[in-house]
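Remarks on the structure that follows.
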Amino acid sequence: MIPTHVDHAIDPVFDEHSRVLMLGTMPSPASRAAGFFYGHPQNRFWRVLAAVFDEPVPESIEDKRDLLLRRRIALWDVLASCDIEGASDASIRNAHPNDLSRVFEAADIQAVFATGAKAGQLYARFCQKAYGVPCVTLPSTSPANAKARLGDLVEAYRAALAPYAPREEPITLSVPQVVALEQAIAASGTPLSALMRRAGRALAKCALDEFEARREASTKRPVRSNATGGNNEPPAETAPSTAANLPEADRRALPHVVVLCGSGNNGGDGWVAAEYLAQRGCDVCVITPRAPEDIDAEPAHEAALHAAAQLSPASILVTPAHRELAQALDAADIIIDAILGTGFSGNTVREPYGAWIEAANARRAKGALAVAADVPSGLSAQTGKAAEPCMKADLTVTMMTLKPGLSTPYAFAFCGDVRIAPIAYIEPHLPHVLEEGGASGRRAENSQRSASAKAHGCENANGHAAIKPASPDCKPAAAQKANAEFIRAEAEDDDGYDPYSDRRPEPEPLFERDPWA
């Protein structure tokens, strides 16, 4: 093959919060065609990072940028130009380095990692003396490095990144502040439709993770999963499997999922989750008050149409009769509640949602796993007050930040465990949101959060909470300014009721009294 002269044309990803710099050599032909790093479909870089941080694998370039910035990772390549044969690093000649001072001068880079031996050699040759930060070479995620298994790559990258990854305490924002935050994110170029796709995929992943964890705990033996520490991405070294090419035994092992979708944007999260779960091979049924084409809210309408195109018509039930609803729920291993979102408040839930919630609670009482999107339907995300009826979830996957209603003592009877899905890079927008909305957002006290991090999951569903920031100054100043408006003294609400009383009897004992009865 004749060498080709290549000039680097992909901008680096970094900002002032970046703490780690990851470097390749030069974008491959596939990456240059895609316009972003590690663009070859068989390259495992993005799958590895997603597994390290226990997130869905990013779909779009913007999703990938968002993951990097949220995790304080700068990404670039060592070389600005070279002569190279295809994607063969061994063939590189006439190499000239990038001006890495752009990154080092803008951010407090504490570690440099090369994603392959050649990148490490080139950094040592051209850059290490100039910038004074040594480089640690990690195994290549290229498909050419076939001897490196996906699980081995994940463990190597996790061990390298762990000391530098941020472990900031979750912030609580009021419902109006969350709305303002979403608007600010959209104004900066990330549309609400992109946030909805991220939210739905995170919701689906958390539901599958929790289902597999419970099944494994109940059987005391391994279940079908991969070697990535719990990330529900495919175990194979290739692209994700679809239902059509999964072995019959694997299809039988996957759960039957019923997704209850409202007609608003919380329902849109549910539609995306349904689409993703169906792609993973799950048997999915969507229950909705309106056909996808009749949904008015955007981007829920777009999400529903996109998902419906991937689902069989028989799997979508529009305002089902009581018997049809009961039959669908009776088969459910997982129930996803995406009916009402953070905007709900009131004492009662209108029909048909009230009947859906009661039927879902009855099925949960018989063993189905109930997972709520953002907030259990019927619960006020602002106050924590439950309407009649109110969904009783085993797990609540809330988006971007905690909401005050999820942290009240009685709310835990309806929320179950709470996990934050970090679907957007929110730090640049927090100062404005906190200033405009008052100091009602807050970082909880360290002592409280260290105890509740385990209960809430804190972005990480599979026990990787030991990842810590490299230094205290990783905590953004905007979040530090927020006060403790929503922190309530423990004694204030202590009337003898155990807030875990409606949850499964492990590890807490099962009581019979409902706090809202």
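Yeah, the Cβs are placed from backbone N, Cα and C, and that goes for glycine too.
In TrEMBL, annotation is done automatically, which means it is predicted and not curated.
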Open item on the list: Quick check: of D294, D296, D337, D417, which does TrEMBL put in the same K(+) site as N266, S377?
Closed with: D337
Open item on the list: Record says N265, N266, G267, G268, D269, Y353 bind (6S)-NADPHX. Source is TrEMBL. Which of D330, D374, D394 does it list for that same site?
Closed with: D374
- [ ] Identify which of the binding-site residues D269, D374 has its Cβ surrounded by the largest number of other Cβ atoms within 10 Å, counting every protein chain shown.
- [x] D269
Open item on the list: If I take the alpha carbons of D269 ((6S)-NADPHX binding site) and D337 (K(+) binding site), what is the distance between them in whole Å?
Closed with: 10
Task: Rounded distance in angstrom between the Cα atoms of S377 (K(+) binding site) and G267 ((6S)-NADPHX binding site) - done: 11
- [ ] Could you state the whole-number distance in Å separating the C-alpha atoms of N265 ((6S)-NADPHX binding site) and D337 (K(+) binding site)?
- [x] 13
Open item on the list: Which secondary structure state does DSSP assign to D337 (K(+) binding site), in the simple three-class scheme?
Closed with: strand
TODO: Identify all same-chain residues not among N265, N266, G267, G268, D269, Y353, D374 whose C-beta atom falls within 8 angstroms of the centroid of the (6S)-NADPHX site's C-beta atoms; report them in sequence order.
DONE: C261, G262, G264, G270, A300, A338, I339, L340, G341, A373
Task: Cβ-centroid neighbours of K(+) site N266, D337, S377, 8 Å, sequence order - done: L260, G262, G267, G270, A338, I339, L340, G341, A372, A373, D374, V375, P376, M391
